[in-house]
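As recorded in Swiss-Prot, the features of this protein are as follows:
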ACT_SITE  His64  active site, charge relay system
ACT_SITE  Asp108  active site, charge relay system
ACT_SITE  Ser201  active site, charge relay system
BINDING   Glu76, Asn78, Val81, Glu86  Ca(2+) binding site
DISULFID  Cys31-Cys161  disulfide bond
DISULFID  Cys49-Cys65  disulfide bond
DISULFID  Cys133-Cys234  disulfide bond
DISULFID  Cys140-Cys207  disulfide bond
DISULFID  Cys172-Cys186  disulfide bond
DISULFID  Cys197-Cys221  disulfide bond
DOMAIN    25-245  domain 'Peptidase S1'
SIGNAL    1-15  signal peptide
SITE      Asp195  site 'Required for specificity'
Amino acid sequence: MKALIFLAFLGAAVALPLDDDDDKIVGGYTCQKNSLPYQVSLNAGYHFCGGSLINSQWVVSAAHCYKSRIQVRLGEHNIDVVEGGEQFIDAAKIIRHPSYNANTFDNDIMLIKLNSPATLNSRVSTVSLPRSCGSSGTKCLVSGWGNTLSSGTNYPSLLQCLDAPVLSDSSCKSSYPGKITSNMFCLGFLEGGKDSCQGDSGGPVVCNGQLQGVVSWGYGCAQKGKPGVYTKVCNYVNWIQQTVAAN
């Protein structure tokens, strides 16, 4: 899901909730198998969003990815085949941020507690929460099983990766006048061609080994002047830690 008219990052839509599709990577490359052991697939009989494992029993995703029942699939690369080493664990608790706004996508973050702890190994491991916020120009890695086409649909079986920079607040806000809150940032390329897309929603943006972003929304995918918009995880570290401790 991408959101925002298709905003396509996570599947909802900020201005016009037009499409509840999830996002996928456009213009990226197939990730090295099991090289992103923190990446999870959220499954409801089908892949619908991504997420990030932050400890053995908790996953960070996007609030717009909420479903009442979710199975978290860890250790995945080809989501259409059981390759061996995957772990499928049902969600015990699904907690959206209390201030999430489905119209604006502000506070688009959600925590999922696994029914039982994941077994951590070379294929399934955690990503660190940010120690500080990312800065403009920082190179990051976005990943997911979302749509790979900016026009049309092609959902990949294999996890896709995209290397992309954090954009300045000014260029982000000028791309989406009046829609970027202090809890959002843009990442990608103003010239278009590379972006997250439907199906990538909820998935990770990792910069220097830290989870800085969650795929949230955008206007279409990989459109010129319309970069992807991401939830700024650094603003939620306290909420995440407090929620995990209380549940």
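Backbone N, Cα and C atoms are what each Cβ position is placed from, and that goes for glycine too.
Shown on the structure are the features that Swiss-Prot records.
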{"residue": "Cys31", "record": "disulfide bond", "DSSP class": "coil"}
{"residue": "Cys49", "record": "disulfide bond", "DSSP class": "strand"}
{"residue": "Asn78", "record": "Ca(2+) binding site", "DSSP class": "strand"}
{"residue": "Cys133", "record": "disulfide bond", "DSSP class": "coil"}
{"residue": "Cys140", "record": "disulfide bond", "DSSP class": "strand"}
{"residue": "Cys161", "record": "disulfide bond", "DSSP class": "strand"}
{"residue": "Asp195", "record": "site 'Required for specificity'", "DSSP class": "strand"}
{"residue": "Ser201", "record": "active site, charge relay system", "DSSP class": "coil"}
{"residue": "Cys234", "record": "disulfide bond", "DSSP class": "helix"}
Close in space, distant in sequence - Glu86 (Ca(2+) binding site), Cβ under 8 Å, 6 or more apart: Arg73, Leu74, Gly75, Glu76, Arg123
Cα separation, Ser201 (active site, charge relay system) to Val81 (Ca(2+) binding site) (Å, whole number): 21
Residue among the recorded positions Asn78, Ser201 whose Cβ has the most other Cβ atoms within 10 Å: Ser201
Conformational class of Cys65 (disulfide bond) under the three-state DSSP mapping: helix
Position of peak Cβ density within 10 Å, selected from the recorded positions Cys31, Val81, Cys197, Cys221, Cys234: Cys197
Local Cβ density at Cys140 (disulfide bond) - other Cβ atoms counted within 10 Å: 22
Glu76 (Ca(2+) binding site), number of other Cβ atoms within 10 Å: 28
Nonlocal neighbours by CB distance (under 8 Å) for Cys186 (disulfide bond), same chain, sequence gap 6 or more: Val166, Leu167, Ser171, Cys172, Ser175, Tyr176, Ile180, Pro227, Gly228, Val229, Tyr230
